[in-house]
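Participant: Among the features that TrEMBL reports, domain 'ABC transmembrane type-1' is placed at B:15-201. What TrEMBL records for B:20-39, B:51-73, B:79-100, B:132-159, B:179-205 is transmembrane segment.
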């Protein structure tokens, strides 16, 4: 569990990036911080592993204030995945994945063997182990980045817009892969994005941020969609544009969900089609099977 | 030409002398330039001062420098150490700026990501920033290597034996072939050292040689996509 308590960050130039921010990030769940640029979301993420120290307030991991921990040691115990992969261009894939274990003193042979197994975990062919990052596609690089983040088997995984720089098809693939991984591994994931669709797809808990890290709304995707706290949230999630306002139209005996522009969005297959993987909140949302709509 | 054939062993000896005089300044200027270049790159205010002062060294004429150094650092005028110190100073004048520029050329994203995964400042410098500055450093070392080999000939004037001794001797005794031999041998040695530095770079930086593979085109860029991926 990660707890932000009244955290404020003022940069030397006077910018108030985060103003009195409090949030509890539950363990083994994915919490998404979503907001536009300037919302302080990346600053908040970086405070967890002390890349940024707050001006005031505290951040605790399982009751221990991170300020009392040595930054380098703390960072080596937390997985970190960033946009553009952040891989070391002068090291091969396998050495990139083994980077942090090697820093922690794991013997080279063991670290490399573990790294090869991690390539399997993130769905990469071991044949690319000896390539350099520049020889990989963007999607492959991000997978290597995720493998590196998992290399020390951390409890916490910080993800800073990890899929922001890849094309939409690869992004969708990576998102599904992360859902699968998270289902298997159950890490405490803090995920930063500006993409509300991505937030709804991946998040168990979502914090919608406005300027200065103020939480506009905190809740599950369903809660936020059902009751946007204010106009800002409604606009952010697209409720006001009718993108989310689906209605049912009957067609050839089955119920088709149509958005306000009249585009088919999915088929209604039942009010309660069994509990989803996370149980609870998600199961009372109608299960939607996506139709193959026109390309966007 | 008969002079050359009957003095091949002399040319070889002077070549060895020349290498012994040239290699230490190349190595030393690199080693000393590391902390200075790091400092210049790390702290903005020091950058201008360090780079200007280092650059000025190159403007000092070589003969006066060779006479002044013994007074400052206590080397004897005619010793190889005196010449090596002077050449190191010239190498430093070039390398400090190269190191500063090389470190500045490291992608800030990579540096930040290295910090984020837990490199300490020390390990990040040696394991990430220095290797990634490698291509720029290599270019600088090549210039220093060639310039040092060329400058080392001036040692002949103060009596430090090198390929330069072939010019001075040739002038004094009016042997044209000896002069030309000295010049050609100096240029050849410079080329050989330059080649050696390039080879060393290839061995130490294998990642710079591998080019990007041509990626297969995505199968269906415009294929149908689900309109709603998921609402919850």
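Every residue, even glycine, has its Cβ placed from backbone N, Cα and C.
A TrEMBL annotation is a machine prediction, not a hand-curated record.
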Participant: Which residues of the chain, 6 or more past the ends of the transmembrane segment (B:79-100), have a CB below 8 A from one of its CBs?
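Facilitator: Contacts with the transmembrane segment (B:79-100): 20-22, 24-26, 28-30, 32-34, 36-38, 40-41, 47, 50-51, 54-58, 60, 62, 65-66, 69-70, 73, 133, 136-137, 139-141, 143-144, 147-148, 151-152, 154-155, 158, 160.
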Participant: What stretch in B:20-39, B:132-159, B:179-205 has the biggest tally of Cβ pairs under 8 Å against the transmembrane segment (B:51-73)?
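Facilitator: Stretch with the highest Cβ contact count: B:132-159.
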Participant: Given a Cβ distance threshold of under 8 angstroms, which distant residues of the chain, six or more beyond its ends, lie next to the transmembrane segment (B:179-205)?
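Facilitator: Answer is 3-4, 11, 14-15, 18-19, 22, 26, 131, 134-135, 138, 141-142, 145-146, 149-150, 153, 163-167, 170-171.
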Participant: In terms of Cβ proximity under 8 Å, which residues at least six beyond the ends of the transmembrane segment (B:20-39) contact it?
Facilitator: 46, 50, 54, 80, 83-84, 87-92, 94-100, 102-103, 125, 130, 137, 141, 144-145, 148-149, 152, 155, 160, 162, 189, 193
